[in-house]
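Note sheet for the following structure.
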């Protein structure tokens, strides 16, 4: 019933509206950083052209072909557009965004060779009256975020220069640089990545993720070249990796209820910014975002029946909701997949007597989430805005006692921050999930109260790595963390509990492949 739901404010969309779209940059330089003379490229390396085409065209999904429904965008200056031979305009399979203070989209279409091509590519060319910032603002709008997977800045010199300055540089997720060993340099336009610690670096430290061996072109001149990828240092994900590394090196050997055994330390903390739509979804291993989102929304509705998750393909509770596991806990009267008064029930009905998952608990117990939302609206400086899932009297009735059990909210300068306390922290499987889950919770509570998301502070009690996770965690530690993605909302709802996973989308998430780790039960 709506009487017991949390109504969203009329300004619900304002606090989480994306301002600028994240992007990557593709450039070819000589050994001195030269990119050309402002009119043409002073070398011919077909392998680099193929790399450029493949990178800017290919989508992340397996065997997914570009279409107007999903494709990448390439942003270029007017001179770069003019340097493309007319028969190759627009660059196929991509949205071509051309920066020009004089030309309109129609002017660019009129410049195509024939009417058939103009009709064919009417939705593949966009002119922007302004610079890169204006293009990124356009591509962050709801008209483009659903259909554009990755934005690439492809030059020329002035556009590259803007890419390396604030505000654009803070959205720059990767630099793909090809270095050409040219016989002589005739360049008058240059691209150089600012050195860390200088004013020009704008607080960003660039790290090399990959570099190829030196290659030889088949262009007839045996030109030498190599590829490299630079990414901004992600100090927030490094907190997580450093903690995992410390636990593996220094952790205490502990025995646990699963019989697997752990390496463990006691007491740690990590901090993650949620500002400007950034979502701390770890990149060194793909995090199951759909599972994160479905479970968190399930919590917010006060649900306890895990079959509702498994029916949506989210099987994270299947083992702990199995008949055998429930019976081992003495919960023989529960229907299979009924987890008892776990997380969401305590969030929304703390203290109510639990019978079974499909009973009506409206108005029963303390609705901690609703109370926090009301307090945030009326007294945001209150120091009692916290909720707990740890109810000692109800623990025997739960399939599992809560691991993440306490959260407190804090408001400063119109921003909402959350501190999570987690008693038991499975660093390999659980913690990446928990970080994303409480980030989403904070974002949704901020939306419900007209605030902007601020920071997630994650405090860990028993932080451990299971013995069978040490090897896969060591594999993960070899990876250089990439930039975090962003969260955008496709649809707003009248009530907080009515949000669905499809109402939101994670964009610009380019993690490394998954690493298999078996859950300890």
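Every residue gets a Cβ built from N, Cα and C, even glycine.
Among the candidates 434, 474, the one that Swiss-Prot lists alongside 257, 404, 422, 423, 424, 425, 426, 464, 465, 466 as binding dUMP is 434. Swiss-Prot lists 26, 48, 154, 160 as binding substrate, and of 11, 16, 178 the one it places in that same site is 178. Each residue contributes its Cα atom, and for residue 100 (NADP(+) binding site) and residue 154 (substrate binding site) those atoms are 15 Å apart.
Rounded to a whole number, the distance between the Cα atoms of residue 403 (active site) and residue 257 (dUMP binding site) is 14 Å. Listed in sequence order, the recorded positions from 26, 403, 424, 464, 466 having a Cα within 10 Å of the Cα of residue 155 (NADP(+) binding site) are 26. If you draw a 10 Å sphere around the CB of residue 28 (NADP(+) binding site), it holds 23 other CB atoms from the protein chains shown. Around the Cβ of residue 39 (NADP(+) binding site), a 10 Å sphere holds 12 further Cβ atoms from the protein chains shown.
The DSSP secondary structure for residue 100 (NADP(+) binding site) is coil.
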